[in-house]
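Engineer: Pasting a structure below so you can have a look.
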């Protein structure tokens, strides 16, 4: 996608428990006893929508959180447990009107048929604001929750399987043409079955016949995002995603990652399909840099270890963060996925301090300009791959 | 003489859709996909103080004669996702969905139901169904691997495994004490291990115990195995019989089975599905019922229905003419795929013989025969008559209540809510307001304790 340097930034938040910092749940206002209630999530998404953010990403996983990749860590001092992300997104959809709702789904252990209709339905209930954040899992103890395979797939295979998974999900979204439902009383036909399509996907890991049971979602293709913890996910971003989240720690790394992903995108023959690359940052935001650093120190002390995170960590003021986002943007990014270190503190700091700062710099919207997530991201509604006479993409 | 106290009736609403009851050609019929339709329907049910709303599921578009069946409503949303969204626009209404135990994994389904129960403050229910057909399996990783005779053993083990997952958190596990820094009371919260013929899994379940402990469990099968499964494992069964004698026989048979599992008579509710037509008078309702039956069974639909029995292409026959004189194709039914109803014709030659005799005796065309032999509406009459019929059946132990199946989306429940419900309330047999907050409260079911405790875990 050609990047105009004056183009506004896209901004989203990733929500998980009480925040990214392990001690976030102990902070004032964190409401740790309410993490498994709808009102907690509804409140957070309302705050994000009041800040005109592009979307909220609901993190998820098919194992209890653990600080160790080897297995359950038996810790009692951290948030454990999560609600299903797509269902949480659906629960808040009727309470919101403009903000995008992106649920994390683990391709490794799920049925693409179920995922496709769930996200299509999220798109129907939100009237075009659904997205899907695809992830893989190679954790042996997570594999044991399913018992489908003797052990996890190798990393390369995990990503190959995820590419197939997204391909099936996407084909199923297109398996109904937009005008397949005809309700023709004269002939008694509810659908024009020539506009329903078998997808006949056959891959190494599964085959799926189709069509979906759910009609094409309002966006046609809901938004697919992929987080790249490292370069192993670049292929999945290149082949399958509308948004790639890069966790690069500085501007040079960001530039290298963006160049690598865009190169892969071009080599897949999808260079024409728009691809957003977002930087991912964990943020501690305060009115002064000293206050932010002090708060981070206090949290680290409570957690009894320094927070390093698995992504860039920003500590400072809204103005400093705006400077950083502008600088990183020059490295080839079109937006940012921010992870509040402490949701109770840093989410309102994003919406009430960072957003106004970016607006002052003409880098962020002053009102929602579209009512679908694709619309907010400047992505057209794609033509249906199966339609005989597709309308040109917007 | 002592009189039995009046039983309280349970009422639920089935969202119309992919079936041969729904009349999509009705000018008032709306979308079966747009969320507005679900909101309208759910709010009507909640305004009428119904126990719950029910969503069916089908995991492959139905086919007949090798093509997608296009005469009924086609398409539906994802069950879990719609129920979660409906939790946002209702406060008390139970949210029941059919979820298949063949094309899912216990860990994922258990966390979806536990999540739905949290997100609805205790209103989730699961209609456990089984399936074994390779046709549906073509949409899934697992494929159509399950032999027919194993479907109930898989369903039972699936449900038992899900219960082990629900019970792996005991409800007091989350302390969330910021001062001491203790989030979990017990480091082993969520630990489980299950080893059986269908599932061999272990680890940590990652959704804390939900308000109802476990979702309410429904069962729909009518076979001997299905009834036994309901008696051992379910909180409610979708009965099939809306008439007094058949209903009482079914009710007595299922309730009789409870004792063997150490369960009380009130621990399993019997809730048959019921269609209805209301009119200002009984005569008006009867006339409307006849008209609706003709809309439900068009000439084309009648031929397609007959093909389920004949198991062959009958498209050359005139629906207004006599029944085919050729015999059904016996053996595996291959004409209609993706629907459960074809399996009810266990002896097609005999069914065909009976139908020919009936058609001859009454001089019925194919379409008239199908209208006569497929089920008509359960309740037909004025609001007063229908209230009387429902109350009579419940008080006579033919049912504990009914799952109403309107034929129009989304307004098909409105008149019932406005006219029949107040009459049942006047009779003192239906709540005038919700007394509790959870679906278990509405159905008078106890909240299960996490009795089994955590299982030893390998890791």
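A Cβ is built for glycine as well, from the same backbone N, Cα and C atoms used for every other residue.
TrEMBL entries are annotated by machine, without manual review.
OK, TrEMBL features for this one:
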DOMAIN    A:30-301  domain 'Luciferase-like'
BINDING   A:60, A:159  FMN binding site
Engineer: Any same-chain residues 6+ apart from residue A:60 (FMN binding site) with CB under 8 Å of its CB? Would you list them in sequence order, or say none?
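Structural biologist: The list for residue A:60 (FMN binding site) reads A:82, A:84, A:85, A:86, A:103, A:104, A:105, A:106, given in order along the sequence.
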Engineer: Under a three-state reading of DSSP, tell me whether residue A:60 (FMN binding site) is helix, strand or coil.
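Structural biologist: In the DSSP reduction, residue A:60 (FMN binding site) maps to coil.
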Engineer: In sequence order, what residues of the same chain, 6+ apart, have a Cβ less than 8 Å from the Cβ of residue A:159 (FMN binding site)?
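Structural biologist: Long-range Cβ contacts: A:136, A:232, A:233, A:235, A:236.
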Engineer: Need the DSSP three-state call for residue A:159 (FMN binding site) to compare against my parser.
Structural biologist: helix
Engineer: Give the mean pLDDT for the domain 'Luciferase-like' (A:30-301) on the 0 to 100 scale.
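Structural biologist: Mean per-residue confidence for the domain 'Luciferase-like' (A:30-301): 96 out of 100.
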